[in-house]
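J.: Under the heading substrate binding site, Swiss-Prot lists I82, E83, S84, H217, E218. Summarising the annotation, Swiss-Prot assigns NADPH binding site to S84, K85, R246, G247. Under the heading active site, thioimide intermediate, Swiss-Prot lists C178. For D185, the entry in Swiss-Prot reads active site, proton donor.
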Amino acid sequence: MNTPQDSSLGREVSYPSQYDPGLLFPIPRSGARAEIGLDDAALPFVGHDRWHAFELSWLDPRGKPQVAVATVQVPCTSPRLIESKSFKLYLNSLNSTRIDSVEALRERLVTDLSACAGAPVQVAFGLPGLRETPLGESIDGLDVDIDCYGPPQADFLAADTSQVVEETLVSALLKSNCPVTGQPDWATVSLRYCGPKIDRAGLLRYLVSYREHAEFHEQCVERIFSEVSARCQPQWLEVEARYTRRGGLDINPWRASPGITAPAATYRELRQ
């Protein structure tokens, strides 16, 4: 079984000079899910990992360089996630490759990424538009004392069962760390829910308690979804984290209660 420590993370590597789908490094989702009591066969959520690729280049049949940006969507039901550095190296391996057409490139990306993830991956050229302020109400201005920065403390989460609301709460203060290199991962996280009113100060303390936590982006979002669901008992819940770019890629994991459909229109934040 592949582990993060087996990947190219934290190692010096040569940039590829020719196309090589073998550079893609899959990591099973099951290990991290088992740590928080999740079973791949009975997931309590639906969702996807949406990647934005900013550094995509190849050669046309006559050898002229081409460039594009792309949106890649990996279903959360895939048995494996795609490790980010390997994704970057794979895209770079296309730089000197002649490809017949843009559609041929898209089909190649779909084939290779789907094989890595173990499930059908969607690829479309283009990116969502930028939005200056996220949709929802920021909780970052709350006047609170905070002294816990890890590990994540679900005990901070609470909800008032006497008030049932539907709202979207947003924080730009989510930070976690790569479990291999220790590099910081920065994100704005949004929680849209219907149910008992979540205590905002407790939620902010909870999100800040990820600050020294080491876990991949996708795993952090699944942990947040699971712990908010367990502690606050919403009727339904959506959690999305929009991470800042690294190596020409950013990732946006989205998890939601079964029956919730992904928003038809999404956006990128200024930090992305």
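Yeah, the Cβs are placed from backbone N, Cα and C, and that goes for glycine too.
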J.: Applying the rule Cβ within 8 Å of the centroid of the Cβ atoms of I82, E83, S84, H217, E218, what extra residues of the same chain belong around the substrate site?
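T.: For the substrate site the neighbour list reads I27, D49, L81, F87, F216, I251.
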J.: Need one number for the substrate-binding residues I82, E83, S84, H217, E218: the maximum pairwise CA distance in Å, whole number please.
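T.: Looking at I82, E83, S84, H217, E218 as a set, their Cα atoms extend up to 11 Å apart.
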J.: Pairwise over S84, K85, R246, G247, annotated as binding NADPH, what's the top Cα to Cα distance to the nearest Å?
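T.: Max Cα-Cα spread across the NADPH binders: 9 Å.
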J.: If one looks at the chain holding E218 (substrate binding site), which residues at least 6 apart in sequence have a CB under 8 angstroms from its CB?
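T.: Listed in sequence order: R29, D49, C76, L81, I251, P253.
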J.: Please compare the recorded positions I82, C178 by how many other CB atoms fall within 10 Å of each one's CB, and tell me which has the fewest.
T.: C178
J.: If you measure from the Cα of R246 (NADPH binding site), which of the recorded positions E83, C178, D185, H217 is the nearest?
T.: D185
J.: For the residue listed as 'active site, proton donor', which of the recorded positions E83, S84, C178, G247 has the nearest Cα in space?
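T.: Closest candidate to the residue listed as 'active site, proton donor', judged by Cα separation, is C178.
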J.: List, in sequence order, the residues of the same chain other than S84, K85, R246, G247 whose Cβ lies within 8 Å of the centroid of the Cβ atoms of the recorded NADPH site.
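T.: Neighbours found: F87, K88, G248, L249.
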J.: Provide the three-state secondary structure of C178 (active site, thioimide intermediate) computed with DSSP.
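T.: Reduced to three states, the DSSP call for C178 (active site, thioimide intermediate) is coil.
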J.: Which of the three DSSP-derived classes (helix, strand, coil) applies to R246 (NADPH binding site)?
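T.: DSSP assigns R246 (NADPH binding site) to strand.
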J.: What are the non-local neighbours of H217 (substrate binding site), defined as same-chain residues 6+ apart in sequence with CB under 8 A from its CB?
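T.: The answer is D49, S176, D185, A187, A241, Y243, I251, P253.
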